[in-house]
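According to Swiss-Prot:
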- H19, D168, G169, K170, R234, F235, D243, R249, K250, A266, K270: ATP binding site (BINDING)
- D21: Mg(2+) binding site (BINDING)
- E47: K(+) binding site (BINDING)
- E60, Q103, D243, K274: L-methionine binding site (BINDING)
- 103-113: region 'Flexible loop' (REGION)
Amino acid sequence: MINAKGRYLFSSESVTEGHPDKVADQISDGILDAILAQDPDAHVACETLVTTGLAFIAGEITTKAYADFPSIVRETVKEIGYNSSTMGFDWETCAVISSVDKQSVDIAQGVSRTKPEDQGAGDQGMMFGFACDETETLMPAPIYWAHKLSRRLTEVRKSGVLDFLRPDGKTQVAVEYVDGKPVRIDNVVVASQHAENISHADLCDAVKKEVIFHTLPESLVDKNTKIYINTTGRFVIGGPMGDCGLTGRKIIQDTYGGMGNHGGGAFSGKDPSKVDRSGAYMARYVAKNMVASGACKRCEVQIAYCIGVAEPLSVLVTSMGSSDIPDEALTKAVREVFDLRPYYISKRLDLKRPIYKPTSCYGHFGREQAGFTWEVTDAAADLRTALKI
């Protein structure tokens, strides 16, 4: 799609940490982190459902650690900002129910091995990684700016700059491309939960000033950029009271905003033995290093696994037409530079740590901060050597 010629629009959306699906993701990853902090080899598959006044935890967890589910839920909800029963979700009074079993022994025997390096994949499936040179973090422009807007919505709410905002919110950005290159932002959509006493006009003016124009660069916004804010006119009922939230329902905004492909697997609540997560992180690491190496301007990586088998069944690297180097040569270089077996992915990216809760909001990729080891471009030189460029 991004190779299209001519002029076209591409849109991506993001949601804030108060969106019900993201509340669920944060709880699942909060539980995962609490367990990994005590037991790095734990096997965790933790799912969360949130609705009015209730959080339900389910899944399969095999560990020597203890995690206080109610405390983790309440602390997470408190951090997000649901602190009143009038919002339909209050960290002090919400009910917490759990039903958790151990991981199936049939799955465990495919993952656990006498030699750690022979660790099999925790499931079958294919994972995709993507990178492009549209932004400084090598992420597509639409999702990059959508996440920026969502983070700003939360920032002005928590800092009190716009104290009438509430935790739930969504953003969407449509970028205009010419021959595959982003040239301007055509339209912006913001939906933000708010207090009942703010008028629609005042809310729109404040969000334009403090969120949209504060965040988006003048070079991409012009007089023809269209802005849509709370277009139903009212967004008082939100969060888990407005919609039931579930872990793993925001997989596109978690990744590349629809730019490139997606294997279908969610991330939150899963330990790194689950290749849905670790394989996708590795695919991003490979793709980003390939673009950083200068070998191509865009790169997509697909890795496929079989449960209980260490070696990937297939690996494909494509420049999507952005390089003179054949895809076959790019793929060969990746196989030379990277060991894509699950044990070595976890070891190289140091994934058996409590690093996951920060990933659960505003995208798992394009975040160049401590803990996001898959965003480091330390393999670019090795790829240049392998490709002889």
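We number each residue from 1, going along the chain as drawn.
A Cβ is built for glycine as well, from the same backbone N, Cα and C atoms used for every other residue.
Of the listed binding-site residues, namely D21, E47, D243, the sparsest Cβ surroundings within 10 Å are found at D243. Note: the Cα of H19 (ATP binding site) and the Cα of Q103 (L-methionine binding site) are spaced 29 Å from each other. For K250 (ATP binding site), the nearest neighbour among the listed binding-site residues (D21, E47, E60, Q103, K274), judged by C-alpha distance, is D21. Spacing of D21 (Mg(2+) binding site) relative to R234 (ATP binding site) is 21 Å (Cα to Cα, whole number).
Counting only same-chain residues at least 6 apart in sequence, those with a Cβ under 8 Å from the Cβ of Q103 (L-methionine binding site) are H43, A45, E60, I61, T62. A gap of 30 Å separates the Cα atoms of K274 (L-methionine binding site) and G169 (ATP binding site).
Under the DSSP three-state reduction, the residue listed as 'Mg(2+) binding site' is assigned to helix.
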